[in-house]
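Copied over from Swiss-Prot, here are the features:
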TRANSMEM  7-27  transmembrane segment
TRANSMEM  67-87  transmembrane segment
TRANSMEM  105-125  transmembrane segment
TRANSMEM  127-147  transmembrane segment
TRANSMEM  150-170  transmembrane segment
TRANSMEM  178-198  transmembrane segment
TRANSMEM  201-221  transmembrane segment
TRANSMEM  239-259  transmembrane segment
DOMAIN    291-354  domain 'MIR 1'
DOMAIN    365-422  domain 'MIR 2'
DOMAIN    426-486  domain 'MIR 3'
TRANSMEM  570-590  transmembrane segment
TRANSMEM  609-629  transmembrane segment
TRANSMEM  633-653  transmembrane segment
TRANSMEM  670-690  transmembrane segment
Amino acid sequence: MQCVKLPVSVTVEINVLLLAVTALALFTRLYGIHFPKAVVFDEVYYGQFLSLYMKQVFFIDESGPPFGHMILALGAYLGGFDGNFVWNRIGAEYPGNVPVWSLRLIPALAGSFCVPLAYLVVVELGYSHFSALGACALLLMENSLIVQSRFMLLESVLIFFLLLAVLSYLRFHKARNSFFKWFWLVICGVSCAFGIGVKYMGMFTYFLLLSLAAVHTWQLIGDQTLSHGKVMFQVLVRFLALVVLPVIMYLGFFYIHLTLLYRSGPHDQMMSSAFQASLEGGLARITQGQPLDVAFGSQVTLRTVSGKPVPCWLHSHKANYPIRYENGRGSSHQQQVTCYPFKDVNNWWIIKDPGRQSLVVSSPPKPVRHGDIIQLLHGMTTRYLNTHDVAAPMSPHSQEVSGYIDFNVSMPAQNLWRVDIVNRESEKEIWKTILSEVRLVHVNTSAVLKLSGASLPEWGFKQLEVVGDKIYKGYQQTGMWNVEEHRYGRSQEPKERELELKSPTHSDVNKNLTFMAKFLELQWKMLTVKNEESEHKYSSSPLEWITMDTNIAYWLHPSSNAQIHFIGNIVTWTTGNITLVVYCLLFLTYLLRRRRKVEDIPQDSWEQLVLAGVVCLGGWAVNYLPFFLMEKTLFLYHYLPALTFKILQIPIVTEHLYIHVLRSSAQQKAFGGVILAVLCSVYMSYHSLSPLTYGQPALTSDKLAELRWRESWDILLRKR
C-alpha cells in the first residue's frame, strides 16, 4: 500500500517557440478580419455557392469538389448566416445580418496553423529548430499568404491539409512499429482526402506522397529481415490508408453534398432528366403521374443526354431551311428541326406506329421496345421527323434533319426510325420515361439523330443544329436522347390534340436515382462542363508568378485610398528562387561526385538532403509546373501551394550551406550576417506592404506610388 502514498505526476513538454509562433500566426491572420465589411474579390464567387448551401439548393461548381464549400458553410452556420445576401459585385457592403467574422474565421484559422505545421515539417525532415523557426518567420511575414487567409477563400485551407499530409507521412515513415505509426499513416490518408476535397489542386501533392510511399514500399519489399506475411501486411495497410481511405472519403463528401442540397436550383438543366427529377421542386414538379412506359401514341419531349454546349430539346417550328445557304449550297427547303435550350410547346412529339393511323394510345397501351420502328410526328405542325441524303446546313459531312413537307418532287419521305435503347438490361427492354437513354437510328440511311453542337444563323433563330450522322461510332452523348415529359395521347382530333399538348403535365414526385449514378453524373459534369473563359484584368501566366510580375487588387474603399492587394513579400520570393537554384546545383554536384566515389557529406546527410528535396522542391514542382498545361484563366494565388513548399526550402538550404559547405568559422559568421540581413529585409518588405495587406491605414497617393516597386504592379490611385 506504500505506492498509494506516492504522488501522481504527469510530465508535459511544451515547445515554447512553437507556441509563440502559433500565437503570432493567429494574430497576423485573425487581427481585424471583419475589415473590410464588404465583399472582397473571390468572396463574390464563393458567397453565391454559400448562400445556395445555406438554403440547401443544388448547384455545380466546376472549380473543385464540395468539401471546400462545406467548410465555408460550417463557418456560416456557426455564425447564424441564413444565406439571404445577394453576392453580385466586389465591394458590396455586408448588411448587419451577415456574420463577416464567422464567414472568414475558418480560412483564417487554417492559415494560422500552417505556420506551426511548417515548423514541424522542417524538424521532421531532420533539420534544426532554428531552421524551423526561420521557416515560420518567413511564413509569418508572407503578405500573400496573410491576405489569402483573411477572407472567405480556400487556398489557406488547402495548404493546411497539404502540410498536415506531408507531416503525417514523414512521422509515419520515421516511426517505429507502434500504434502511432499507423495513426500517422491514417492521418496522412485523411489529410490527402481533405486536400483533394477542397480543391483538385490537392491531387498534385497527393500524387507526390503516393510516389514517395511507393519508393519506400519498394525498399520495404526488398528487406530480407521481414517475413512474407509482414511485407504483405505492410503493403496492404499502406494501400488501404493511402488509396482506399481517400477514395471512400471523397465519395463521402459527395454523399453529404447531395444529401444536403436536395432542392432544385439554378444549375438543374445541366443535369440529366433523371437527376433533375430527384430534386425537390424541380423537374419532379412536372413529372408526377407521368406514365413510366413509352407507348405508341405517347406525346413526349426528347432531351439530349449531352449537356454540351447546353442542354436542349428536340424542336421544330413553322420555318423552312433556306433554299440556298450563304456559301451557295442548296437545301431541301423542308421544315427546320433544331435543338432548343428552353421548354416550349414546339418541343412535343408524338410517337406513331408506322402500321397504324392512330395517334392515340391504345387500350391496353402498346409499349415501345428496343429495336422497334417508329415515326416521330411533330405535335404542333404535324410534320414527320425526316432525314435524307442532303447536307446539313452547318455540318455538310452529316445529313440534314427536317420535318417532311411533300413538295410533289422526287424526294419521298424517309421518316422511319429504329429505337436503340443503349442502357437496356435486356433485348426486349421497354422504353422508359427519363430512365432510358435512346439512340434513334434512321432506317433508310443508318444515320443517327445527333446534336452537332453548331448554332444555326439568324434564319434558324440561333438554335442548335440537329443532324443525321452516318459515321456515328461508339457511345456519344450527343447522339443519346431521353424522354423527359410524357403523357398518353387521348385525342385524335387535331384541335383537341393541340390543346392537349399545350396543357401542363402533372405535379410533384421523385424519381429514384442511386447515389453512385448521381455521383458519376455530377463528377463528369464538373470535369467536362466549363464556363466560357474570358480574359480577366488580373489574370496572369505561370511565368509571371516566379518573379511576381503581377498583383491582384482585391478591394478598394469607396471614398478613400484604403485598398487590399494580393501581393507577396518580394524579398522572400526572390530568396526562394535563389535557394531553388542553389539546391539544384548542390544536388547535381553531389550526385556527380558520388558517381565518382567522392563523398563530400556523410550518407545520412545525403539522404536527409534528398528527402528534403523530394518534399520541398518536389512539392514546389508538382504544384507549379502543371499550370503550364492548363487552358483556364489563372491568377497569382494559384501559386500559393508551390510558394509554401518553396519557402520551406529556404531554411533547409541555408542550414546545409552553413554546416556542410562553409567550413571555416569566419565564413559561417559572415553567412550568419547575410541571414540576419535577409530576415531584416523580409520584415521591412512585410511592414512596407502591410497597408495593402490589411487595407489600413489609408495611404496618400504619393505613398501608394512609392509602393509600386515594379512597373507591372497595378496600385490603384484615385483621381483628384
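Using N, Cα and C of the backbone, Cβ positions are placed for all residues, glycine too.
Remember, it's a predicted structure, so these values are computed and weren't measured experimentally.
Between the transmembrane segment (609-629) and the transmembrane segment (201-221), the number of CB pairs under 8 angstroms, six or more residues apart, is three or more, so the stretches are in contact. Regional average pLDDT for the domain 'MIR 1' (291-354) in the model is 91. The stretches the transmembrane segment (570-590) and the transmembrane segment (670-690) meet in space: the count of Cβ pairs below 8 angstroms, excluding pairs fewer than 6 apart in sequence, reaches at least three. The transmembrane segment (670-690) shares the most Cβ pairs under 8 Å with 127-147, out of the stretches 67-87, 127-147, 150-170, 178-198. Ranked by the number of CB pairs under 8 Å to the transmembrane segment (633-653), the listed stretches 67-87, 105-125, 127-147, 150-170, 178-198 are led by 127-147.
When each of 67-87, 105-125, 127-147, 150-170, 239-259 is scored by its Cβ pairs under 8 Å to the transmembrane segment (201-221), the top-ranked stretch turns out to be 150-170. Beyond its flanks by at least six residues, the transmembrane segment (105-125) meets 17-18, 21-22, 24-26, 28-30, 33, 71-72, 74-75, 78-79, 131-133, 135-136, 139-140, 145-146, 148-154, 156-157, 159-160, 163-164, 166-167, 170-171, 174, 608, 611-612, 615, 644, 647-648, 651-652 of its own chain at Cβ-Cβ distances under 8 Å. The stretch from 7-27, 67-87, 239-259 with the most CB pairs below 8 A to the transmembrane segment (127-147) is 7-27. Outside the transmembrane segment (67-87), and at least 6 residues removed from its termini, the chain residues within Cβ reach (under 8 Å) are 39, 43-55, 61, 94-95, 97-99, 101-107, 152, 154, 157-158, 194, 197-199, 253, 256-257. Residue counts for the domain 'MIR 3' (426-486) under DSSP, split into helix (H, G, I), strand (E, B) and coil, are 6 helix, 27 strand, 28 coil.
Long-range neighbours of the transmembrane segment (7-27) within the same chain, counting only residues 6 or more positions beyond its ends whose Cβ lies under 8 Å from a Cβ of the stretch, are 109, 111-116, 119-120, 129, 133, 136-137, 139-140.
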